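Encoded as structure tokens, the structure appears first; notes follow it.
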Amino acid sequence: MALYQEQSLKLYNSMSGEKETFTPINEGNVGMYVCGPTVYSNVHLGNCRTFMSFDLVFRYLKHLGYKVRYVRNITDAGHLENDADSGEDRIAKKARLEQIEPMEVVQKYTVDFHNILNKFNNYPPSIEPTATGHIVEQIEIIKTILDNGFAYEANGSVYFDVVKFNKEHSYGKLSGRAIEDMIANTRELSAQSDKRSPQDFALWKKAEPQHIMRWPSPWSDGFPGWHLECTVMSTKYLGEEFDIHGGGMDLKFPHHECEIAQGEAATGKSPVNYWLHANMLTLNGKKMAKSTGNFILPEQIFTGNNEVLTKAFSPNVVRFFVLQAHYRSILDFSSDALLGSEKGFNRLMDAYRSIEELPASDKSDFNLSEWKQSCYDAMNDDFNSPILIAKLFDAVKTINGIKDGSIQITDTDKEEFKATMSAFMFDILGLIDAASENKNEGDKLAGTIELLIKLRADARNNKDFALSDQIRDRLQEIGIQLKDGKEGTSFSVK
């Protein structure tokens, strides 16, 4: 029996505003789509929090035994400034300012994005499609929406008709906005606008002469609207109806609202069963955002090169800090908060490493199964990582109790205890036992040096003193000191 058949997972569905029991469309299989980055600059920590949150979701679903297809896109075209239907493409603007090709911008910041998430120990998605790789599919879905009567062409651009759509469906149901209120609170369209209503949004935009990112279409040489790519890529790889759609809270409106409208207009079906939204990271009490300059880059945290930091912090500690808050809660970033997380992280790791040396008894008075289920209960409650971490610190108290003899545990329970700690700390939370990794690296280094010492000894025995001295000198250059003695050669690392 798979774990998912034993555990009852509940998700907070943004559509209903309630926690709901998770039941995938196809038993044992999960389709999950998460909106990825627009790759025109380095990702900041606020962006990374969202992706760490959905990495936790991905990891736990896999742990439960689900076969998960996780799709996360790369936006490499069509995202205009201020998330609007007019203005300059963000990537094209960056290319113009740096005097390079747009795809050079895309390549540079996609590589940076992957490198940063790798440092945070995020699993890669199953599929990572790009907007520019799906232009044909985006044109085809626009044709379908036009044929179904929910869009119109104007001067080479195509717009989604929100008012007409709302007569048969419900635009605004995810964000809880009534279209009447939206109309009342929106300025009138300018005389130059091709839209019928201010709420309408672009499915295809005719490119201005200076717009260098353009593709041919039945309507004009132009580019797809930002909202369209996610509808196309999610449904292409997950089907017209799929299980989970995730993203930052700031994408709920208009991006996700528009995705729902496009999907329903094209297929008549609501595309997503569970909508999950991760909350923001704040700095100085305000939302972390590039547009306001109120952000911090991960590399600045790793090096300590930012005025808000008192020292550098490892990716491991930053991940632990992020997961100490529930993904739907606002999290405020500060150096003091990271210092607290670092202490907690080290305490947890030290306790885990000591399990192997715990004294075993003939009987256990530690209720292992109850504690283990409490860890699952935390994750089953909408991926409640802070409660899970609290349960792991309960385990630290138990470990200390076993050390001082106030709690007993058998060898069998000790093995299961360690395996359970490992599963929740490393497989699910995605933490890394850096000391163990460093020890493994240290063992590899020691083995390599011992081999060089042997080669040096062979050279000396063969009276090849030039090679012997070269090995000694090169090791010394990289901080490894050899010391010859009666018992042989030893080494120390400076």
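Backbone N, Cα and C atoms are what each Cβ position is placed from, and that goes for glycine too.
Counted within 10 Å of its Cβ, the other Cβ atoms near C35 (Zn(2+) binding site) come to 22, all protein chains included. DSSP gives C35 (Zn(2+) binding site) a coil state; it is part of no helix or strand. The Zn(2+) binding site annotation in Swiss-Prot covers C35, C230, H255, E259.
In the structure as shown, the Cβ atom of K290 (ATP binding site) sits within 10 Å of 14 other Cβ atoms. Sequence annotations record features per position, and here Swiss-Prot assigns ATP binding site to K290.
Regional average pLDDT for the motif ''HIGH' region' (37-47) in the model is 96. As annotated by Swiss-Prot, motif ''HIGH' region' applies to 37-47.
Here the motif ''KMSKS' region' (287-291) has, by DSSP, the following mix of helix, strand and coil residues: 0 helix, 2 strand, 3 coil. According to Swiss-Prot, the feature motif ''KMSKS' region' maps to 287-291.
Contacts of E259 (Zn(2+) binding site) defined by a Cβ separation under 8 A and a same-chain sequence distance of 6+ are given as H227, C230, T231, S234, H245, P271, in order along the sequence.
Note on the motif ''HIGH' region' (37-47): residues 74-76, 79, 90-91, 93-94, 105-106, 109-110, 112-113, 116, 248, 280-281, 283, 287-290, 295-299, 301, 318, 333 of its chain, located 6 or more positions outside it, place their CB under 8 angstroms from a CB of the stretch. Cβ neighbour counts within 10 Å, taken over all protein chains shown, single out C230 as the most crowded of the binding-site residues C230, H255. Recorded residues C35 (Zn(2+) binding site) and K290 (ATP binding site) have their alpha carbons 18 Å apart, per Cα-Cα distance. Between the CA atoms of H255 (Zn(2+) binding site) and K290 (ATP binding site) there is a gap of 18 Å, rounded to the nearest whole number.
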